[in-house]
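Enquirer: Quick one: the structure is below, questions incoming.
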Amino acid sequence: MEIILLAFAVSFVLTLVIGRFVLAELRKLKAGQEIRADGPTWHKSKAGTPTMGGVMFILGVGITIFILGWGYMLEGQFTHLYIYLFALVFGMIGFVDDYRKVRQHQNEGLTAKQKFILQLAAAVLFLSLMRYEGLLSNELYVPFFNVAFTLNWILYLIFAAFVIVGCVNAVNLTDGVDGLATGVTFVVMVFFTVTGVLWSEHGMQALFPAAMAGGLMAFFLYNHHPAKVFMGDTGSLFLGGAVAALGFTFGTPLILIPVGVVYIAETLSDIIQVAYFKATHGKRFFKMAPLHHHLELSGWSETKLVVVFSGITAVCCVLAYLGVRARY
């Protein structure tokens, strides 16, 4: 338990300190965010805010788990390292995307096809590694019903790869309001930390989410409204990879449904908007998609969005724990 609390504290301090240097460098490099032309009009004031700030917590978390997880690695336990490296690959994809946006001074970096191929390749590589190391089961546990189904390995890997890619992009969609993806994912990381500590089998795996929680709390001090820095795709894809990887390494990927209810709602709102627009030849179901923009245009402040969405996530995380506790 002590090492888990230490991971939280060390990651918080490191991210806070690293953040000061990273923010200064991003300003020097003029790595400003381009704002989507069709977004809420008041978002135009955010133009030029440094992006790629996800580097702050990526470094803070990485240093923390390497130092505090060294003892585990000497014992041959590398799960926390695999999760971090997997998330890092997604963060690197996001970094390339952000870098292109900054260089080209537009809100589009990699194409959707390029990102999908890279993300799918990363997911397959991670799943193959976890299976090779004996850390991945093809048993699909159903929360709340306490039943499990064993799937054919090929079928399971296809299912898992698309769940990972979907999760990564859902988290990315949520990052459209100051502090929103940070706040919601902080709650998710607290959930995985607590469950990791309570389930002795996964006690070691609590190290990574604890470090993530500390890093995100520190980053929130830079990212809350009005944001001094955005995490960019560098940060949001890293977070998505981390959330997805934790779901699978804990052996309960379906738990991502209640835990990630906000991510799912954001994604569904985007899908509904596009489908409705095409079906009605130009009409919109929401004022703007994803959901947080619709609520903004309905009068919600950015601070209210963060508080409410994080609160909903917290409630769903409690329900999620009740749904899987019979398994352990």
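Any Cβ shown, glycine's included, is placed from N, Cα and C.
As listed in TrEMBL for this protein:
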type: TRANSMEM; residues: 6-23; note: transmembrane segment
type: TRANSMEM; residues: 54-73; note: transmembrane segment
type: TRANSMEM; residues: 79-96; note: transmembrane segment
type: TRANSMEM; residues: 116-133; note: transmembrane segment
type: TRANSMEM; residues: 153-173; note: transmembrane segment
type: BINDING; residues: Asn172, Asp233; note: Mg(2+) binding site
type: TRANSMEM; residues: 180-200; note: transmembrane segment
type: TRANSMEM; residues: 206-225; note: transmembrane segment
type: TRANSMEM; residues: 237-265; note: transmembrane segment
type: TRANSMEM; residues: 305-324; note: transmembrane segment
Enquirer: Return the residue, from the listed binding-site residues Asn172, Asp233, with the maximum count of other C-beta atoms within 10 angstroms of its C-beta.
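Expert: It comes out as Asp233.
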Enquirer: Compare 54-73, 116-133, 206-225, 305-324 by their Cβ pairs under 8 Å to the transmembrane segment (237-265) and return the stretch that comes out on top.
Expert: 305-324
Enquirer: Can you say which of 6-23, 54-73, 116-133, 305-324 has the most Cβ pairs under 8 Å with the transmembrane segment (206-225)?
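Expert: It is 6-23 that shares the most Cβ pairs under 8 Å with the transmembrane segment (206-225).
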Enquirer: Checking distant contacts: for the transmembrane segment (116-133), what same-chain residues at least six beyond its ends satisfy Cβ-Cβ under 8 A?
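Expert: Residues 78, 82, 86, 89-90, 93, 110, 153, 157, 160-161, 164-165, 168-169, 237, 241, 244-245, 248-249.
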Enquirer: Can you tell me which parts of the same chain pack against the transmembrane segment (180-200), counting only residues 6+ beyond its ends and a CB-CB cutoff under 8 A?
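Expert: Those are 1, 4, 8, 171, 174, 206-207, 209-210, 212-213, 216-217, 219-220, 223-224, 231, 235-236, 239, 242-243, 246, 250, 259-260, 262-263, 292, 302, 305-307, 309-310, 313-314, 317, 320-321, 324, 328, in sequence order.
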